[in-house]
Amino acid sequence: MRKFYALVKLNLKAMLSSFRFGGGKKRRRAASGLGALIFMAVLALYLSGTYSFMFAAQLAPIGMLKLEILMMSVLAVVMGLVFTLFAAQGVIFGGRDNDLMLAMPVSAFSLMLARTLALYVENLVFTLFIMMPAGVAYLVFGGGGGAVFLIVLTLCTLFLALVPTFFSLIFGFVLAWASGKLGGRSKLLSNLLYLAAFAVFMVLLMRMNLAMGDLASYAMGIEGAFSGWGLPFLLLAQAACEGNILSLLGFVAFCVAPFLLVVWLFAGRYKKIVTSLGARSARSDYRLGRVSASGARSALLKKEAGKFFGTPIYLFNSGMGLILLLGAAAAALVFKSKLGGLLAELEAAGSGLPVLPLAALAVCFLLSTVMITAPSISLEGKQLWILKEAPISARGVFLVKVGFQLLLELPSLLISTICLAFALGLSAVDWLLLFALGAALSVCTALLGLFANLCMPKLDAPNDTVVVKQSASVMVAMLGGMGLVLAGAVLFVLTRGLLGPTLALLPGLVLFLAGCAVLWRLLATRGEQMFLEL
Amino acid sequence: MLSIQHFSKTYPGGKRAVDDLNLNVAPGEIFGFIGHNGAGKTTTLRAVAGVMDFTEGTITIDGHDIRREPTAAKKVTAFLPDNPDLYDFLSGIQYLTFIADLYDIPQKDRQARIQKYAEAFEITGNLGSPIGSYSHGMKQKLALISALIREPKLLILDEPFVGLDPVASHLLKGYLSEICGRGGAVFFSTHVLEVAEKLCHKIAIIKGGVLVKSGVTEELVGDSTLENVFLELEGEGS
């Protein structure tokens with residue numbers, strides 16, 4: 001038991017350390033790790049509070065408050081999956097310390113269970129901080145049960161966190177298996193799996209948003225739908241809201257049984273699984289042909305591309321904004337007539353909805369989620385010596401890393417803004433402004449991500465997943481990018497009366513350009529020194 | 001070829017890893033750098049290679065100050081750390097091409113050099129496989145090839161013989177002499193004192209970050225062995 005406890009402690013520490021802001025004193029770094037986790041919990045708390053009270057306000061008048069708990073439990077699982085589905089491959093199966101750990105006098109079962117528990121704790125944080133406000137909203141809007149309700153809900157939440165952990169385990173295994181078995185083709189399969197999982201998320205969220213729009217009329221249908229695939233969620237709601245012991249037992253069984261089954265299945269073969277995952281396909285019949293040649297920058301760009309497209313977690317976590325941007329623009333073009341009808345209706349209703357600023361906001365928001373540079377230094381990891389030893393300046397490295405992000409972002413932006421201009425009937429000047437705003441923001445966020453990563457490097461992460469999904473620089477870059485968009489929106493609101501809805505976008509553009517100048521100056525001066533000190 | 005003047009390095013925690021080190025490596029010399037674990041060898045080698053920043057002293061390679069003209073200095077240098085971590089997602093040939101691109105090695109030369117060294121170290125057949133599938137020794141051979149194809153004026157190696165099989169070690173010794181034969185220099189650290197004694201023209205011994213002895217190998221060793229000299233120096237003051 002002591003060994004198992006030590007393993008759990010180690011894995012939890014590894015998880016917390018991934019959130020840490022590098023450098024500084026030990027205590028401060030540890031606090032920053034915990035602080036980042038608390039920040040994520042607060043974010044979950046805020047989101048949950050907003051949704052819970054919105055649901056409860058609509059459901060209470062029709063006497064179906066129980067549905068609020070039911071829907072929030074689905075949201076808790078979805079949120080947990082968003083954060084841990086892609087992390088399981090690295091955390092459970094792909095640890096760089098596999099050899100070291102498997103050589104220790106601990107059973108493979110204990111090792112796997114300890115790693116799974118770290119994943120479970122991460123899910124538990126999200127589910128707890130989503131379900132607690134849901135419970136409060138339930139009570140505020142007149143749901144009965146009081147303290148007993150809260151106790152049962154907390155108990156259910158402890159088991160609910162097993163659901164995303166279970167799915168993450170299976171998904172992680174499939175991805176790890178594909179990486180180990182399929183050689184070069186595994187990248188394609190992994191990318192397709194990520195895309196499929198993302199599509200499922202999007203469908204779920206869209207359905208939820210639809211239901212939210214007219215909850216009262218959907219209420220009966222929703223409860224009916226949950227008697228099928230969503231039975232565990234229905235049982236949770238019955239247990240918490242009606243104090244139904246049988247439902248509680250049924251819910252616990254639904255959560256625990258498949259989880260234990262999959263842990264038992266994987267744990268019994270854990271060593272075999274990890275060993276086979278570690279064995280890469282290798283050949284010894286290579287014949288040296290004509291060797292290609294290019295310049296230093298081109299070589300570095302190719303390396304960046306190899307890492308980005310060859311690491312699904314990096315591709316989808318950091319580049320999802322671009323996929324969504326292109327998807328949204330294509331959808332706008334396909335549904336041009338419907339969109340035109342909607343805009344005409346809004347105009348007729350005198351809503352005064354400015355099309356260009358709205359399009360700019362949507363484009364800029366999606367661009368702010370593209371964070372290719374933010375983990376790029378950390379992803380060099382122990383191979384950073386290769387770049388530092390090479391006859392290329394730190395500034396040259398920065399240019400390549402920022403350039404790679406822009407090489408993906410600017411063409412995507414160009415295509416999507418052209419599509420949007422056609423779909424929304426924008427003038428050439430409007431299109432130019434939209435593109436300029438997006439381009440300036442792209443440069444700014446690319447520079448911001450790189451600078452954040454130099455300030456908060458994580459060169460000793462156990463796997464790439466930790467760097468891409470959980471490192472402090474990624475979080476700071478994402479929030480910083482969104483902050484920039486928000487600042488641009490505030491400037492728009494403040495100057496709209498004076499400049500009109502189109503020209504009021506210019507202060508935002510100036511802000512983004514100023515951000516680019518400041519960040520490049522920082523990178524060229526302090527950034528170079530920081531790179532040398534890594 | 002290499003000049004280290006008054007080089008010192010203090011780590012953020014306050015540990016002074018190297019204190020006022022002065023060394024010169026002339027063209028055509030193989031220079032061995034010896035010391036116990038934590039003596040400051042790796043710190044010095046990393047500073048010379050421009051991988052680690054420092055504030056005290058000057059290091060020049062082929063007349064280029066590593067801090068003021070890092071790119072020019074690195075252009076004529078090849079550095080190999082003790083445990084070279086390479087890009088696992090690249091294949092061996094992709095990695096060698098990547099390095100050849102960074103060092104502007106002409107197409108014709110790179111083809112011939114890769115062929116020469118890959119065949120000598122017997123890893124040509126594996127060059128198409130991802131580096132992630134290589135054994136430790138194969139990774140070390142690949143890293144060595146990536147250093148040798150640059151035909152560096154100064155080759156900096158940190159414990160190059162650890163992990164190499166006897167044949168590869170023998171080959172490496174030959175290539176080090178080849179570099180010196182064409183006017184280059186080799187600066188390397190090692191714990192294998194027999195190799196250092198036989199291979200090096202000059203040797204420097206560092207202890208607790210301070211240079212305790214340096215000179216031509218024959219003069220330094222005299223009638224004794226390098227092992228005895230090293231152990232005597234280690235024993236002094238301990």
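Glycine is treated like the rest: Cβ placed from N, Cα and C.
According to TrEMBL, the transmembrane segment annotation covers A:30-49 (among others).
The feature transmembrane segment is assigned by TrEMBL to A:69-88 (among others).
Per TrEMBL, transmembrane segment is recorded for A:124-141 (among others). Long-range Cβ contacts of the transmembrane segment (A:124-141) within its own chain (Cβ-Cβ under 8 Å, at least 6 residues beyond either end) map to 37, 40-42, 44-45, 47-49, 52-53, 55-57, 59-60, 65, 68-69, 72-73, 75-77, 79-80, 83, 149-150, 153-154, 156-158, 160-161, 164, 240-241.
With a cut-off of 8 Å between Cβ atoms, the residues of this chain six or more beyond the transmembrane segment (A:148-176) that come close are 69, 73, 76-77, 80-81, 84-94, 116, 119-120, 123-124, 126-128, 131-132, 134-135, 138-139, 190, 193, 197, 232, 236, 239-241, 243, 248, 251-252, 255-256, 258-259, 262-263, 266, 273, 277, 312. Summarising the annotation, TrEMBL assigns transmembrane segment to A:148-176 (among others).
Positions annotated as transmembrane segment by TrEMBL: A:188-206 (among others).
Annotation comment: TrEMBL describes A:218-239 (among others) as transmembrane segment.
For the transmembrane segment (A:245-267), the list of distant contacts is 108-109, 112-113, 116, 152, 155-156, 159-160, 162-163, 165-166, 169-170, 173, 231-232, 235-236, 238-239, 273: same-chain residues at least six beyond its ends, Cβ to Cβ under 8 Å. Annotation comment: TrEMBL describes A:245-267 (among others) as transmembrane segment.
Residues or ranges marked as transmembrane segment in TrEMBL: A:313-335 (among others).
Marked as transmembrane segment by TrEMBL: A:355-377 (among others).
Sequence-distant contacts of the transmembrane segment (A:398-425), counting only residues of its own chain at least 6 positions beyond either end whose CB sits under 8 Å from a CB of the stretch, comprise 297, 300-301, 304-305, 308, 319, 322, 325-326, 328-330, 332-333, 335-336, 339-340, 343, 355-356, 359, 363, 367, 370, 372-373, 376-377, 431, 434-435, 438-439, 442-443, 446-447, 449-450, 523, 527, 531. Annotation source TrEMBL lists transmembrane segment at A:398-425 (among others).
As annotated by TrEMBL, transmembrane segment applies to A:476-499 (among others). Proximity of distant same-chain residues to the transmembrane segment (A:476-499), defined by a Cβ-Cβ separation under 8 Å and at least 6 residues beyond the stretch ends, is recorded for 357, 361, 364-365, 367-369, 371, 373-374, 437, 441, 444-445, 448-449, 452-453, 455-456, 505-509, 511-512, 515.
If you look up TrEMBL, you'll see A:505-524 (among others) marked as transmembrane segment. When Cβ-Cβ distances below 8 Å are used as the criterion, the transmembrane segment (A:505-524) is approached by residues 356-357, 360, 395, 398, 433, 436-437, 440-441, 443-444, 447-448, 450-451, 454, 484, 487-489, 491-492, 494-495, 499 of the same chain, each at least six residues removed from its ends.
Residues 44, 47-48, 51-52, 55, 119, 122-123, 126-127, 130-131, 134-135, 138, 153, 156-157, 160-161, 163-165, 167-169, 171-173, 175, 194, 197, 201, 204-205, 208, 211, 222-223, 226, 230, 233-234, 236-237, 240-241, 312-313, 316-317, 465-466, 469-470 of the same chain lie 6 or more positions beyond the ends of the transmembrane segment (A:69-88) yet place their CB under 8 Å from a CB of it.
Through the fold, the transmembrane segment (A:313-335) approaches residues 86-87, 89-90, 191, 194-195, 198, 307, 362-363, 366-372, 374-375, 379, 408-409, 412-413, 415-417, 419-420, 422-424, 464-465, 468-469, 474 of its own chain, all at least 6 residues removed from its boundaries and within a Cβ separation under 8 Å.
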